[in-house]
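Once you've had a glance at the structure underneath, I'll fire off some questions.
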Amino acid sequence: MADIIIKNAYVLTMDPDLGDIENGVVVIENGLIKEVGRSTGSTADKIIDARGCVVMPGLINTHCHAGMTLFRGYADDMHLKEWLEDRIWPAEAKLTDDDIHIGSLLACLEMIRSGTTSFADMYIHMDRVAQAVKESGIRAALSYGMIDFGSKEKADAELKEGSRFVSQWNGKADGRITTMYGPHAPNTCSREFLIRVKEQAVKDKIRIHIHVLETEAELNYMKENFGMCSIHFLKDIDFWGTDVLAAHCVWLSDGDIKILAEYGVNISHNPVSNMKLASGIAPVAKLIASGANVCLGTDGCASNNNLDMFEEMKTAALLQKVGTMDPTALPARQVLEMATVNGAKALGIKSGVLKEGHNADMIIVDMRKPHLTPLHDVASQLVYAASGKDVRTTIVAGKVLMEDFMVTCLDEQDILGKAVQTSKNLASRIDS
Ligand SMILES: CSC[C@H]1O[C@@H](n2cnc3c(O)ncnc32)[C@H](O)[C@@H]1O
Ligand SMILES: [Zn+2]
């Protein structure tokens, strides 16, 4: 007996062999997908009728700072340097463990509601982010964000905390939590520190999450201090590999793109954040054409200001079109691949496609809405017309976290109330 059968669905498998199944079934057992097809002989404890809906892999947000939900709308319309150094970092210095716990629960709630089933996070007070992930039922690849600013003492302490977090949490919550090392960026971490982080990560068989070339200022800093850009600098210290998730990668030359593709680096594109902070337009179409693995992220809520991956998909497609002045750039199916299959590859998880043996991480999107009618092409509708609010049901590891728009895994009203109070208390501490 299976656990769940979803029937009468348009199944968007994102698997090239299975393709789309117009009136299909998905069978879930023990947290995994047992069957995907036109019909099934199985029976199950729970049957979900998905008539008029699309069943698809849950979306994978590959660059987030979950706790930053508390800073939603806190520092808008600013240049990145002032935003980070004058507003965000001083505010982050006042954050407590409990703040991060509530902020991360709020992020999990928002992601579950809008169809994200996995996310990669880099932040501080990470034990409490992990606790929120464990409680909510979502899947995540978590890293303690490390910055040494060239101080050996700080480097030692940061790496110690990063390693402690990895050994404490990797594989926890029935395998839903994986961990990564999170050196912040090449212009906030020293060369020596980045070399140590890579060595530790290789030794521990753990992936790395890092910001790279988000701004022209980083490019200029690296050229002035090292005589080369961050991509060549990281190549020089043997940092690159399929184990690296590089967020942003906006300021790339054609030579940089070749290096990233050659080393199999995973690149998280974060178009809304890049637009809001006026960082620039990442050459996503060129990266994909070169064979690089490009996935999609929201970044934190202080530069987005939400975690809706549907909005991110649409923005990614539109930004490439206007950036290249080519309306054929980054078509809908390719964006869906970025948000599913490519994201799973970047995090090293068996999700992102609906296929036998893979994690039962999926969402049901209700297409019976005025703004989703008529339905000529499902991929087009999901990328250009749908939003996170159209997600009806969210399933992670075979557990239903939201059903028929009702969140079942967390006490939504309780978290909303606590988030309001937490942000008020935080604001008064920041002002004092
Ligand atoms: C040390 S934990 C992570 C660190 O990153 C900061 N952050 C959030 N968004 C961005 C961004 O777009 N560029 C650079 N750094 C960013 C966050 O506030 C934390 O301090
Ligand atoms: Zn970031």
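Positions of Cβ are set from backbone N, Cα and C atoms, glycine also.
Unlike curated entries, TrEMBL annotations are predicted automatically.
Note that the structure is predicted; figures quoted are calculated from it, not measured.
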Name the residue, out of ASP3, ASP15, ASP299, ASP308, that TrEMBL lists for the same substrate site as GLU92, HIS184, GLU214, please.
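When TrEMBL describes the substrate site, the candidate it includes is ASP299.
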Quick one: which of the binding-site residues (HIS63, HIS65, HIS184, HIS211) have their CB closer than 6 Å to ligand 1?
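With ligand 1 as the reference and 6 Å as the Cβ limit, the list reads HIS65, HIS184, HIS211.
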I need the most crowded of these binding-site residues: GLU92, ASP299. Count other C-beta atoms within 10 angstroms of each C-beta and give me the top one.
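Of the binding-site residues GLU92, ASP299, the most buried by Cβ count within 10 Å is ASP299.
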What is the separation, in Å, between the Cα atoms of HIS65 (Zn(2+) binding site) and GLU214 (substrate binding site)?
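With distance taken Cα to Cα, GLU214 (substrate binding site) is 16 Å from HIS65 (Zn(2+) binding site).
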So if I take the binding-site residues (GLU92, HIS184, ASP299) and measure from each Cβ to the nearest atom of ligand 2, which come out below 6 Å?
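Once distances to ligand 2 are taken from each Cβ, ASP299 fall under 6 Å.
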Among the binding-site residues HIS63, HIS211, ASP299, which ones place their C-alpha within 10 angstroms of the C-alpha of HIS184 (substrate binding site)?
HIS211
Given the Zn(2+) site residues HIS63, HIS65, HIS211, ASP299, which other residues of that chain have a Cβ within 8 Å of the mean position of their Cβ atoms, reported in sequence order?
CYS64, MET122, ALA247, HIS248, SER268, ASN270, SER273, GLY297, GLY300, SER303
For GLU214 (substrate binding site), which residues in the same chain are close in space, meaning a Cβ under 8 Å from its Cβ, but six or more apart along the sequence?
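Once residues fewer than 6 apart are set aside, GLU214 (substrate binding site) is near LEU80, ALA185, ALA247, HIS248, VAL250, TRP251, ASN274, SER279.
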